[in-house]
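Only one structure is covered here, and it is reproduced in the block below.
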Amino acid sequence: MPEISRPAYADLFGPTTGDRIRLADTDLLIEIEEDRSGGPGLAGDEAVFGGGKVIRESMGQARATRADGTPDTVITGVVIVDHWGIVKADVGMRDGRITGIGKAGNPDTMDGVHPDLVIGPETEIIAGNGRILTAGAIDAHVHLICPQIADEALGSGITTLVGGGTGPAEGSKATTVTPGPWHLARMLEAMEEYPLNFGLLGKGNTVSHDAMLSQIRGGALGLKLHEDWGSTPAVIDAALTVADRTGVQIAIHTDTLNEAGFVGDTLAAIGGRGIHAYHTEGAGGGHAPDIMSVVSEPHVLPSSTNPTRPFTVNTAEEHLDMLMVCHHLNPAVPEDLAFAESRIRPSTIGAEDILHDLGAISIISSDAQAMGRVGEVIMRTWQTAHVMKRRRGALPGDGRADNHRVRRYVAKYTINPALAQGLAREIGSVETGKLADLVLWEPAFFGVKPHLVIKGGQIAYAQMGDANASIPTPQPILPRPMFGAIGRAPASNSFNFVAPLAIEDGLPERLSLGKRFVAIESTRGVTKADMRENDARPRVRIDPDSFAVHIDGELVEATPAAELPMAQRYFLF
């Protein structure tokens, strides 16, 4: 039996089972658990494209037609990194969805070809060999302040935005809300040209069930409660009552000043019902100083935002000015300044790092332009994982590689926000049947600059060189919109997520948009136990005077990082 060395195999076909890959310039390593496209025991029939290579007529390419079921596109030999595992496979896409994960090729000449991965003359090929594939990121906390965030999001690997706003109005700059059916309709119209899935949050700060139902019929996939509009116990109870009736999620930013009640009062108003707790973090807002204690609750889905990810020597200083701007505060007013300073606590920011690494905070989002950066969700997630590995060592089950930690952190911006918002039937993971929202990475640039962003099976963004060059690679190489991002393509490759009530009420017919409306699944049964790799519920106690944090009785030492990976090595500015 002829043999091939691992280095030679990796050069030809990419890494295989047992090989390890470093993620960008971090200390994080992944190890391939399984090779479904070749590797040990299966080598010799790998589907690769190029001059003198396999995918040619009557070799790796069959004569089967699209009518016979061949995929529209196959990504060859790519390393999938997802919450369910780290495997190498060929990935097929058809009609904008993932149709197969396994071995692609021509069953007439090759053994073990997956029936849904037969390569025909109508199949396009993307070379994934030596690259990493993840699900498109879901940013579940976005202020829709300016349309340019769409490009920043796509260029970073985000394919779905959930949030609210109407533009640079004070309400939108502070509170992630698109209020009322008129604004909801206008924002849905505005989003037609972007190859992103959108979900809008209506205003839940009211005791009027009629007002909330009007917004859900008008296109809101959920409701947002924000302290700047008054997150009182009565409002919380009313919003959750409507949510239980309609299946939508409630996202809450609780009462920093504890004016209408403390964290215990908020939990009492929630009453064991499911809720997505925005800003379960060290400085983003909510009950001061102990909002993070909600991570121990079984019905609370905790998330935090990226400006505090990870805790560094610059974090606290940066936050004061950001907070004053975002919440329309005046530094000349002592009460406004005291409000801002009460939210910025280094000890709780440091504890946020630990809670993420324990899997106690389940989701990371941006809080885009309202103290967070939409294009840095993915990057800051992996920076946090790197800092935690250096500080805390390997997680249980990790040894030669960090697969457990990597699965935990990738889930925070893919499957878990999808589950929290009722989107997991359609998006959030690399699984057969789901929308082909995928991100292809060069390992050296993982989490920093995507090689390709695939939206609904179509390349929407890519690292691309000079368009007047003779080949695609001459400088300047920049993230640029591709054909999936222009013309009528976004309407075909992307969704507007809305509540079932909006579909039943005829919203798609009333607006007559090109982008498809898709009903969310009910969120009302989703609990902390459903958060993949992030279902821990430690006891958290925060001293009201010193802000010292104890997790399961152990004092947390807030140690800011002075140096990070995925930073100046990759960016000029």
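A Cβ is built for glycine as well, from the same backbone N, Cα and C atoms used for every other residue.
The active site, proton donor annotation in Swiss-Prot covers His327 and rests on sequence analysis. According to Swiss-Prot, the feature Ni(2+) 1 binding site maps to His141, His143, Lys224, Asp367. According to Swiss-Prot, the feature Ni(2+) 2 binding site maps to Lys224, His253, His279. Summarising the annotation, Swiss-Prot assigns substrate binding site to His226. The domain 'Urease' feature in Swiss-Prot is assigned to 136-573; the stated evidence is sequence analysis.
Features as recorded by Swiss-Prot, highlighted on the structure.
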residue : record                 : Cβ neighbours (10 Å)
His141  : Ni(2+) 1 binding site  : 32
His143  : Ni(2+) 1 binding site  : 25
Lys224  : Ni(2+) 1 binding site  : 30
His226  : substrate binding site : 26
His253  : Ni(2+) 2 binding site  : 24
His279  : Ni(2+) 2 binding site  : 29
Asp367  : Ni(2+) 1 binding site  : 30
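Apart from the site residues His141, His143, Lys224, Asp367, the chain places the Cβ of Val142, Gly163, Gly164, Thr175, Thr176, Leu201, Ala251, His253, Tyr278, Thr305, Ser365, Ser366, Ala368, Ala370, Gly372 no farther than 8 Å from the centroid of the site's Cβ atoms, the recorded Ni(2+) 1 location. Looking only at the binding-site residues His141, His143, His253, His279, Asp367, the one with its C-alpha closest to His226 (substrate binding site) is His253. Between the CA atoms of Lys224 (Ni(2+) 1 binding site) and His279 (Ni(2+) 2 binding site) there is a gap of 13 Å. Counting in whole angstrom, Asp367 (Ni(2+) 1 binding site) lies 11 from His253 (Ni(2+) 2 binding site) by their C-alpha atoms. Straight-line distance linking the Cα atoms of His253 (Ni(2+) 2 binding site) and His141 (Ni(2+) 1 binding site), rounded to a whole number, equals 11 Å.
The Ni(2+) 2 site, placed at the center of the C-beta atoms of Lys224, His253, His279, has further neighbours from the same chain whose C-beta lies within 8 angstroms: His141, Thr175, Thr176, Leu225, His226, Glu227, Ser231, Ala251, Ile252, Thr254, Tyr278, Gly285, Gly286.
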